[in-house]
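Annotated features in TrEMBL:
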- B:455: active site, proton donor (ACT_SITE)
- B:324, B:325, B:563, B:564: substrate binding site (BINDING)
- B:20-209: domain 'Glycoside hydrolase family 65 N-terminal' (DOMAIN)
- B:291-651: domain 'Glycoside hydrolase family 65 central catalytic' (DOMAIN)
- B:665-722: domain 'Glycoside hydrolase family 65 C-terminal' (DOMAIN)
């Protein structure tokens, strides 16, 4: 286990100070708190609650039938870090400069130092220490320590909420970038209780009709929210917050600062014990990787009713919506390290099934369910269907995650209560959405007018990725349906699935058509992809990327150009469907036309390249992936972290460099590829109720069974029996 | 020549009284006045000026690069027909019921009778007679005659403008139907001069910054706008309006009522002389056909700066925008009867070339021009690109009309000044927009991600219609470019066209790919059309049409279903490209999947069927076409007449039943097919500076040369020399 691992100011790209707010944010899956400047930041910025959103009407330039009618936008709550400091003449210390910050990834402690000045340029320093409670998720604790520098009289410290009306407008960001968020006028904020020692503010969303209470109080009751401190020596004041969707007017609990701290430390100990991934021989990458896993854990809803937003709880970008990112980029980490969280994430989808059934009807499909492409509560909110609703593959993505979760846990109870129903409803969707096409001497099943993961090509026929996901989904519904009918026939009977329907799932799956290029001898992204001209890359200046911000969609769509992995993602998910030779051709072709304009692209290119032994490429893409937010590679870390990519960096190491897969027969398999730049790497994982430590160093792979019964593993396609520890010679 | 032809109340579907406002509207290409109830209608409704619009920002649910930023909406001007009538106690006659209305299609006189009641249920009658000036297009004359019925004391008649603020909101229609219009907040209306005899109102659009002045005055200066009339006998008051975009504060001209009337009569005499189309043996259809031509003439801009809106000047539907309708459905009538108007319509496009060049750049095409899919002034305003901007075929449609105009007129001056530049810029667009695709042993030229006329399939590759139009456009640019270089080499040189570029036009045209179904042996609408499932027509209730109002676009797009003719329209435009046998197969196939949800569909099916000798189908579609607005077939005549279909009914008769075409060699050709239901039909047309009368009756076709030099004509592929009159036996 590590001794210390801290992210410091010098580890990040601080050119844009707003990046720091995202990077050093604290969260516990419920509340997220951006590391805003406590003195100068807006009074209504930086605090988000998972699942707490407001509706607003979607206005279309031209509307059509069955379009979503309302947006959902995560609400910017009053700033929990804000503090007002005044000198003896009641003049504010209005200037504040961050001079140091570090985040302890082992304990969750955020430590900051600010220099403060009043108008006379007299200085004091302020150290801020904070923890978010990882167990009692309503609580957040913050300590401010004031140190006299060139000012040493007494000061006033005001920790009451301020409701600055102007700030309500400032929190709005530009809405003409679809990756940002919008401002909402229908949110009311008001102070509901106010004593010297305790203040509660209520935030009320008029349209979604949800209330949130935020209460601040000092840790010791004898310390009022507006305090006078004498500054001949350092003075510390400690505050706690309670942020709750329950009525905190009744809940006056105040917990010990030390308890918040110990909840945090215990939580992170547990996380690292089950899922630490470390790199030996490159401290910078090792730190970045820990940071990514730390932040992924912070942003993940753990209650089965909330999920992971595209920016997590680190920023309001993408309006706090959940996308396919969860199932394709983040849930793998949880399935193989904290399967109970993976289950909660899947239960979130289960809880949105009624919305999904209704959405399928709106799309003219009379059976099954279509999950929402972007949403907070599960209701579709996307205002641009070609790159959202048409991405039907989401159904298959969710099914894929259900299958993986089940394979890794054999959680029959989940299968019976939640899993099979989702597999069934998605399989039903594919069955009714697709159609049989008569060819000269056979029939094939096709899916038309769909959009794959690569949103630079939309509304095409037979997107290879989509067809693969549908096939897998249909087969899973059959296979796990059979399993359920054996282990729990009464439960299975409740779903009214006929033998004919189950058989039809298999028949369709077996007849799904996959486009293939005879010319290139590779899978074709869709029926017409290769007939298009290749994007004129050599005539495209660097400042015209990402293309979607500079070219009309119709311009982009008429070329062969990929925003992110599409067919290659299918190749990664279904390694058994492709030969090594074809995969190389395919990788080379698609890589040559991919811009990586999406933050979801590079991790897939890295993971797949590592699997293939394309080590230089794997490593280069990994460098971009693992440090994406620390270097602000996408240029928009200020809006929040790129959560999918955080998960993607875990995939690069575990599923890429270690080549961890589960075979269709349910056996854990490794194909280690150690980058030549490293001495080694090490990771923990959970599989079939066992805790494993896997170490790949030099030319040796060591698998240790830390907890659980013996098991078989495949390493480089050779089977081994793992009792306690297994050392295998593997090529570098 | 006809003696009398009047449209009466009994000739129309009056279930929805608002239909009458469209049907009985008066217009002169500049001002349009809906036949609103003069007593009960809104004070801000029913008056439109061609080209007079206001901007408003387009709000997108999710915006992307290079989307149009602003709408253009035709402005609803103060109601010119409105009048207030009060009894001796100053109580308004507030109830008014239309009891009779007729429109004299030979003189342009609109005559109405209303019954008026005050609160005591005392009745007077009001007869309204109006003309719009067809020569001095600022003027409109209206006469009100009051007849005592159960009230016979004096009355007050108030003809002053009223600026009812409430009404400004009422004029707004729902905007969630893209076929309607929107309300605009930025329009100011104010009374600028006011005397007892004369009142001027100014309408000012804040965003587009255009002013309109409307002046009302009584015909005789001794009649104030607020008059007291004694009602012991009928009393007539006459008013005139001057509606002008010039400053009418300076223009105090008042013209004689009889002059307005004679301008109207002379205009219609001239129109019918050059373009009358009549049917013998069915008065109802004969009347409907006259009505269509009458209304088409009323709505057509004649100044080279205005065009024909989708609803003409008969209603604000489609926001007053001009579409491809002009070139594909309406200009043929003008080319072959009033070529000087056809020229003006093409000059409108010429005047928008700078917008079109800019639009091509925004679509990533660095040469040439792309005309606006929907616009008033030529700037693209469509907020839904899949069914607008992607309809690149508009460029080819305009080129096609230019070619036809030139063939019918040999107007070399037009070619040099306007025509060739448009052909060149559109050809350049196609050249740069499309791409060469390498096939095994040859190269072909393709166009990707386009939408054809049928908007129920969008963003496909190689739409057959689009490719045909592009081919024709490229060839025309070459051919008429060569012609220009011979007749006016100096002018030609100004365009900087290299021999290489001209040759490339031909090379591309010769290598354009046309999708074809080997299975069905017909032209394929696009590369993937036949792989889709056929729309489940048998499971679609009647009330779910038009599909676009009831199904999500993605639902519609994934099926084989046509809103309107697409490939068949190409077959109609390019008869030389298809054999009779294939055309029959093609017609049958596409007809079976066409909903005719667009008012632009049936006229094409009728015209093409008539050409093919499918007489029952031709006739049935013609019945729907020719009476579309009189029967309110589409259910939305209240928003305005279906202008393209008005032109389409002329096409059905002249280009369908008479089979009038111009061969690629420039020879006029007829293939008459007389419907068995008629005794005969007769039409006039202008061609190569000659006026012809063509009569098809029984088994004889008679062509009379009314004016101009002898010429050759082809009838049923046999060549004849026409000196003065030609009688040819043709099969029924």
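Just so you know, the numbers here start at 1 and follow the chain as drawn.
Backbone N, Cα and C atoms are what each Cβ position is placed from, and that goes for glycine too.
Small disclaimer: the values here were computed from a predicted structure and weren't measured.
Features as recorded by TrEMBL, highlighted on the structure.
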residue: B:324; record: substrate binding site; Cβ contacts under 8 Å, 6 or more apart: B:373, B:391, B:393, B:394, B:397, B:453
residue: B:325; record: substrate binding site; Cβ contacts under 8 Å, 6 or more apart: B:308, B:310, B:600, B:643, B:644, B:647
residue: B:455; record: active site, proton donor; Cβ contacts under 8 Å, 6 or more apart: B:387, B:391, B:548, B:563, B:564, B:598
Number of other Cβ atoms within 10 Å of the Cβ of residue B:564 (substrate binding site) across all protein chains: 23
For the domain 'Glycoside hydrolase family 65 C-terminal' (B:665-722), the number of residues DSSP places in helix, strand and coil: 0 helix, 37 strand, 21 coil
Count of other CB atoms lying within 10 Å of the CB belonging to residue B:563 (substrate binding site): 22
Maximal Cα-Cα distance (Å) across residues annotated as binding substrate, namely B:324, B:325, B:563, B:564: 16
Residue B:324 (substrate binding site) - helix vs strand vs coil (DSSP): coil
Additional residues around substrate, ordered along the sequence, whose Cβ is within 8 Å of the centroid of B:324, B:325, B:563, B:564: B:323, B:328, B:329, B:453, B:455, B:598, B:600, B:601, B:644
